[in-house]
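Encoded as structure tokens, the structure appears first; notes follow it.
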Amino acid sequence: MAVSSTQPIPVRKNPKFHLTWPWRITITYMTFMLFLPVAALFLRAATVSPAEFWQIATSPVALSAYDVTFVTAIFVASVNAVFGTLIAWVLVRYDFPLKRFVDAAIDLPFALPTAVAGLTLVSVYSETGWVGSLLTPLGIRVAFTRLGVGVAMLFISLPFVVRSLQPVLQELDIDVEEAAWSLGASRIQTFWRVVLPPLLPALLTGVALGFSRAVGEYGSIVIIASNIAFKDLIASVLIFQRLEQYDYAGATVIGTVLLLISLLILVGINLLQAWRRRYEV
Amino acid sequence: MRSNALSSDVIAQNKAGSQTKEAPWVKIALIGIAITYLGLVLFLPAINVFIQAFRNGVGPFFANFSDAAFINAIQLTVLIALIVVPINTVFGLCAAWAITRHKFPGRALVVSIIDLPFAVSPVVAGLMLILLYGRSGWLGPSLEAINVRIIFALPAMIIASAFITMPFVAREVIPVLEEAGTDQEEAAKTLGAKDWQIFWRVTLPNIRWGLLYGVILTNARVMGEFGAVSVVSGNIIRKTQTLPLYVEEAYKQYESQAAFAASVLLACLALVTLVLKEILERKTSIKDVEE
């Protein structure tokens, strides 16, 4: 979703400071709404001694929550890379009935509240649900397992890769592919050597945005998972549980770890986009 | 999300007939796989919301509307949106203006900072507010002294919703404002227009579709926000329960009929959002063609 924000901004040489109040509103609002809450978290984290911080941050239950959160999100990101590319390809290159509808529906996960997503996913993938009842005889349980966490993450991060790739695929010159073909390259060679390289920056950006979204997801996962520690408990739900137990130190430490990782991902996405701009120029 | 604007062009180009010369079975297989995947992950769950809600007919569905907790949840959700959307619209406009119309070092950094709420888990956002305004938070004692209650009450739910949706308007308006440039504004200024006249007559008409898009996204997210609001609300039935919180509570109480009834309302909100988004994208693409 950060695709737009860091595009090159042509800087005007003659700034007109005839409206200073937008600046005042922006700074005041951001101070109260953004900096103050972030500072509150970091200051609270600073009151925990380093030894205690380390002990909470690396406690077995926390490590297991990071594992469920990040490993599942990485798995989801790779699924997104494959199927997101496929969906974008199909939407850009082929014509089929109801294509316009399918294209518009890709954005549904952006618009559908996550609690609704969780509720309907648990209903479809539970043992009595449409898909769940087909998987149960195969011994596959989705709802209330780590697989359910993955399905929820797949749902909410679906649009990112597709939407990142569509405009780039659009601009891709089909002549180049045909040239590669006519020179004897196989379909698979054409894809790996000709199609994929120019898509790579956009693909990675989409994957990273989806990953970031999946790591931070709470609403749909808390509903589809059983939220049992060492089984399918994600970091966000662990923070929530710590807060419910009035364990503010625990919540603060894990929250700080999660925030720092989110910031790292944000920096990574910005670097990716900078790389992508250079690639485009 | 700006890239979505190109999806209509995608179709336009395809209609023009830039198809690859591939064996038909490849095309059919790829479309089949894509649609099957979307069916499992997206379409089945979406259709399921409506089927589950109306499984026992429309009677039980409408019976939910006589439930006071349900009606209260709808009212609270609308109330929060009515407060948060205007505030974040004004902020988004100011921030977009400040960023695009002034040259200063570290502009890219400011844009990234505005994006921060998108990168943060909603639960962490809620946690920050509890550490700031909660009883044992930094401002807790002073707030208690003047008898102001923020956490587990409406103010915290408003602040949490505003935090989560802070970037939407700014990020939609910034590119449009950039594209519009300052020429018209400067011309109006030379002709003696006042600042507010320039804003209403020149700037606003130029950015109206981008602005509207940002407002629609803000509204959808505010009404659907769950994690952050869940942390700070305390989920007190009939007092601090929004529609998404109602969905979870009903689900936990095994009242799936009620949970799906509330979900249908939220799903309709999502559908309206998507339709408006399509219309706005078509509007902007028509404008592009005219230019």
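Cβ coordinates come from backbone N, Cα and C, glycine included.
The annotation transmembrane segment is assigned in TrEMBL to A:21-43, A:63-92, A:138-162, A:191-212, A:218-240, A:252-275. Sequence annotations record features per position, and here TrEMBL assigns domain 'ABC transmembrane type-1' to A:66-269.
Across A:21-43, A:138-162, A:218-240, A:252-275, stretch A:252-275 shows the highest tally of CB pairs under 8 A with the transmembrane segment (A:191-212).
When Cβ-Cβ distances below 8 Å are used as the criterion, the transmembrane segment (A:218-240) is approached by residues 60-62, 64-66, 68-69, 72, 113-115, 117-119, 121-122, 125, 143-146, 148-149, 151-153, 155-156, 251, 254-255, 257-258 of the same chain, each at least six residues removed from its ends. Residues 1, 68, 72-73, 75-77, 79-81, 83-85, 87-88, 91, 106-107, 109-110, 114, 117-118, 121-122, 125-127, 129, 131-132, 203, 206-207, 209-211, 213-214, 217, 220-221, 223-226, 231-232, 234 of the same chain, all 6+ positions outside the transmembrane segment (A:138-162), place their C-beta atoms under 8 angstroms from a C-beta of that stretch.
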